[in-house]
Amino acid sequence: MSFFIDEFQADLEALPNILQKKYALMRDLDKSLQEIVRQNEQRCEQEIEDMKRGLRAGNITPDTSLLRFSEEALDEQKHSVRIADEKVALAIQAYDLVDSHIQQLDHYLKKSGEELRRERENTATASPTQTPDATTKSGRSGESGRGGRKKTRLATAAAATEVAASAANPTGVELDLPVDPNEPTYCLCNQVSYGEMVACDNPNCKIEWFHFGCVGLKEQPKGKWYCPDCAAVKNRRKGR
């Protein structure tokens, strides 16, 4: 397992540089595409004006089969399509690269869950008087104290996946379902954990965690902070 962790960490550290190169290439292709499209629009507008003048002067017969753009204009349009196809291919490569790392992480979490289950079984066998709650309690227990929940967190896909796996499977039983569809969602946007997040100080808040951007925060709030829904309820109670 340690070998897998080291290998996965090495691949993960190289991922940002690889993605950055692909995105930079996509930006270069996009600049080239915009320039070609601009040139083609100007060329086509000029050729249309030439056709109109030719029709008015009688130099061109009103035969639709003869009214067509030049080969240069058609070649520019074909080139634009090729560049657009290259951009799509790069985007697919970037997506597949990230997806492969997610699948590797899912595999690691599954193996880790199996090892934890075996360790708990061995511990239970060696210490039969030990209560299961002392070793299997998981989920958001570390956040149950409202004083500690005031801290913001920088969420990652791995952290969200690990919380989902431990909350849904505290006994370490092997899960057959993929991890991604079971990732917990938070905030008013009902999306997975990402970026900096803040917790509502209402212990009965149904959502609990919120993205900074969704609640208009740019930095960690000072003192107690309540989400919009809980703040509205609190204000209504004060008004009575």
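A Cβ is built for glycine as well, from the same backbone N, Cα and C atoms used for every other residue.
According to TrEMBL, the features are:
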type: DOMAIN; residues: 184-233; note: domain 'PHD-type'
type: SITE; residues: Tyr186; note: site 'Histone H3K4me3 binding'
type: BINDING; residues: Cys187, Cys189, His211, Cys214; note: Zn(2+) 1 binding site
type: SITE; residues: Met197; note: site 'Histone H3K4me3 binding'
type: BINDING; residues: Cys200, Cys205, Cys227, Cys230; note: Zn(2+) 2 binding site
type: SITE; residues: Asp201; note: site 'Histone H3K4me3 binding'
type: SITE; residues: Trp209; note: site 'Histone H3K4me3 binding'
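When the alpha carbons of Cys230 (Zn(2+) 2 binding site) and Trp209 (site 'Histone H3K4me3 binding') are compared, the span between them is 12 angstrom. Among the binding-site residues Cys189, Cys205, His211, Cys227, the ones whose Cα is located within 10 Å of the Cα of Met197 (site 'Histone H3K4me3 binding') are His211. In space, His211 is the closest of the recorded positions Cys200, Asp201, His211, Cys214, Cys227 to Tyr186 (site 'Histone H3K4me3 binding'), judged by Cα positions. Inclusion criterion for the binding-site residues Cys187, Cys189, Cys200, Cys227: a C-alpha placed within 10 angstroms of the C-alpha of Trp209 (site 'Histone H3K4me3 binding'); this criterion is met by Cys187, Cys200, Cys227.
In this structure, the recorded positions under consideration are Cys189, Met197, Cys205, Cys214, Cys227, and the one with the smallest number of other Cβ atoms within 10 Å of its Cβ is Cys189. When the Cα of Cys189 (Zn(2+) 1 binding site) is compared against those of the recorded positions Cys200, Asp201, Cys205, Cys227, the shortest separation belongs to Cys227. Counting residues per DSSP class in helix, strand and coil order gives 9 helix, 12 strand, 29 coil for the domain 'PHD-type' (184-233). A separation of roughly 9 Å, to the nearest angstrom, links the Cα atoms of Cys227 (Zn(2+) 2 binding site) and Cys187 (Zn(2+) 1 binding site).
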